[in-house]
Amino acid sequence: MSNLRIFAVNQKKISSLHYFNNMCSSKIRASLKRLKLHVLLGRNYSSLPGLIGNDIKSLHSIINPPIAKIRNIGIMAHIDAGKTTTTERILYYSGYTRSLGDVDDGDTVTDFMAQERERGITIQSAAVTFDWKGYRINLIDTPGHVDFTLEVERCLRVLDGAVAVFDASAGVEAQTLTVWRQADKHKVPRICFLNKMDKIGASFNYAVESIREKLKAKPLLLQLPIGEGKAFKGVVDVVRTEKLLWNPNSDDGKDFERKPLLEMSDPKLLKETTEARNALIEQVADLDDEFADLVLGEFSENFDLLPAEKLQTAIHRVTLAQTAVPVLCGSALKNKGVQPLLDAITMYLPSPEERNYEFLQWYKGDLCALAFKVLHDKQRGPLVFMRIYSGMLKPQTAIHNINGNCTERVSRLLLPFADQHIEIPLLTAGNIALTVGLKHTATGDTIVSSRSSALAASRRAKREGEKKQKENNEAERLLLAGVEIPEPVFFCTIEPPSMAKQPDLDHALKCLQREDPSLKVKLDPDSGQTVLCGMGELHIEIIHDRIKREYGLETYLGPLQVAYREAILNSIRATDTLDRTLGDKRHLVTVELEAKPVETSSLLPVIEYAASVAGDLSQASREAFENGVHSACLQGPLLGSPVQDVAVTLHSLVIHPGTSTTMISACVSRCLQKALKKADKQILEPLMNLEVTVSREYLSPVLADLAQRRGNIQEIQSRQDNKVVIGYVPLAEIMVNG
């Protein structure tokens with residue numbers, strides 16, 4: 001909350017404040033502008049999910065594999081790093097699709113929405129399930145655009161591991177930092193995949209260095225590229241000292257050969273690989289005591305004799321401990337390096353039983369699941385994506401929603417194999433699946449088998465909290481661990497074509513809000529208009545487009561406006577009396593309160609009571625006072641924006657017998673508005689972190705343009721032949737029409 005800028009409005013001192021920790025990349029990408037029409041291509045499928053080649057498995061092993069063989073992973077990255085293309089290649093090589101999907105052609109499995117295919121970007125995270133060499137992998141492809149940060153957040157909440165994809169020519173970019181921080185918050189182990197090694201300007205060393213410097217991570221180089229840019233033809237497996245070369249004549253990249261590196265044929269490459277392997281062994285030994293003992297004991301004389309399996313086991317432990325990240329490389333578009341990436345996912349990322357979830361001990365094997373995403377299907381109704389943490393789930397069973405405090409019935413369970421859904425008879429711990437029939441469950445809801453199960457878990461959590469002398473709300477927070485939803489930064493009005501269509505619009509917005517909790521809808525009390533609040537221009541544009549395509553409503557959007565906030569600069573006291581007679585009843589309230597600024601950021605007002613009144617107030621009077629304070633803070637005196645960073649202290653409240661709580665709230669609200677008007681005020685506006693990649697000759701005009709937009713430049717970095725300008729700029733100045 002430190003970025004301030006002072007400017008004047010109505011002879012008051014007004015400052016701008018960075019109150020949203022958002023990222024904005026100002027790279028103008030062709031893919032974001034693409035609005036070409038595409039012919040949606042048909043797709044061929046394997047005969048049966050789980051049957052690859054002649055590998056015929058039992059139905060039970062396909063539906064519910066052993067928990068040690070399950071990997072719940074996500075693919076996360078900056079825009080255009082190649083997440084969706086990597087996912088497509090993974091599905092193809094695992095045998096679940098028979099044709100290679102392409103983002104440019106609009107025929108990918110995970111980007112199935114019309115808006116995604118037109119723009120060539122991922123908007124919704126999509127879950128797909130497939131098998132690889134006896135492992136069940138539940139993979140989620142997440143968006144890279146800043147407007148859809150919540151999609152990444154709610155997926156990381158249920159994942160056991162993640163693959164961070166990087167553009168090898170750019171290294172760590174703006175949104176990479178955001179998703180990396182989100183993964184840190186949820187303590188998700190991850191591996192890095194340096195994609196686009198075939199791109200002109202690709203640099204393996206630069207990308208690795210940017211991971212080390214910008215992400216403050218320790219990269220473990222498990223592979224080295226053979227060639228870079230157009231010369232890229234394969235990778236070296238550092239752990240096994242082998243080279244993997246892809247057949248240049250192969251169309252789909254399935255055809256590659258693995259050869260040991262020999263002194264006679266590849267002396268230079270062997271020397272590089274041996275040095276890299278020795279460095280890797282030393283790195284892992286520094287981070288893992290068990291491995292260090294092994295190395296110093298048996299193999300201190302010659303690291304070459306160390307078995308690859310021992311090294312792989314140690315890398316697995318280090319990855320789980322999140323003390324370092326394995327790094328692999330390849331080119332998903334050119335079909336190189338994807339199969340070794342799949343091997344690394346199964347080898348180094350954890351199974352569900354290797355992750356330690358504190359709240360599981362309170363359920364003692366009963367059902368505990370988290371609903372992390374809702375989709376609306378026209379035929380089947382709401383589809384709820386669910387991660388099972390413990391117990392099992394069967395169709396036609398009743399479940400209890402703790403957050404909604406309601407009981408619902410699951411009618412069917414579906415497993416998302418590529419873009420077809422397979423009905424299954426039960427779901428065990430560690431798995432991710434779709435449920436049909438839940439009408440009230442929303443994103444972030446905790447699902448248990450019954451209300452009594454939830455109460456028993458709550459009692460155990462409370463006892464555990466008392467033992468460890470923790471606060472009870474800490475235990476409750478873990479019990480109902482959901483998803484943090486960021487505050488919106490844009491808003492605009494939305495109107496139906498006629499008042500007769502208003503109920504249809506309300507229904508469409510209600511469905512979209514269940515799918516996307518970062519979309520807020522409110523009613524303007526003055527004009528009666530419906531107001532959409534979203535995370536960005538693209539976010540609101542997509543919502544508008546979906547209402548038209550999916551619900552058949554031609555709606556009209558008002559101009560986009562930035563979500564400003566207001567705050568006060570000094571303490572102020574105010575007194576107000578409300579005296580009304582309604583019928584034969586007299587309502588009389590006198591209130592004295594104080595409003596003052598608070599140091600720490602708080603979107604909601606901090607409510608305090610003076611010692612003189614704290615003991616005398618009834619619960620009803622307290623609630624009425626708090627309602628009055630909250631309603632007064634919804635609209636500030638300057639722009640009518642919400643007031644934040646304010647503390648309100650009640651000093652005196654005199655209530656005539658028989659006065660209604662509504663009148664108390666009205667008096668408190670009026671008194672606080674009077675205090676806010678008298679105080680010195682400031683406007684707060686959202687600032688966006690900005691990263692502009694520009695060639696050297698255009699650096700001066702870009703800096704001049706940012707200065708015109710009230711931008712603040714923090715540093716200018718070099719990235720090969722380009723310059724990278726890093727700073728922040730007010731959101732109002734970088735709107736498309738701004």
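Glycine is treated like the rest: Cβ placed from N, Cα and C.
Note that the coordinates shown come from a computational prediction; the quantities given were computed from them, not determined experimentally.
According to TrEMBL, the protein carries these features:
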| type | residues | note |
| --- | --- | --- |
| BINDING | 77-84, 141-145, 195-198 | GTP binding site |
| DOMAIN | 68-353 | domain 'Tr-type G' |
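Structure coloured by features recorded in TrEMBL.
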residue	record	CB count, 10 Å
A77	GTP binding site	29
D80	GTP binding site	24
K83	GTP binding site	28
T142	GTP binding site	28
M197	GTP binding site	29
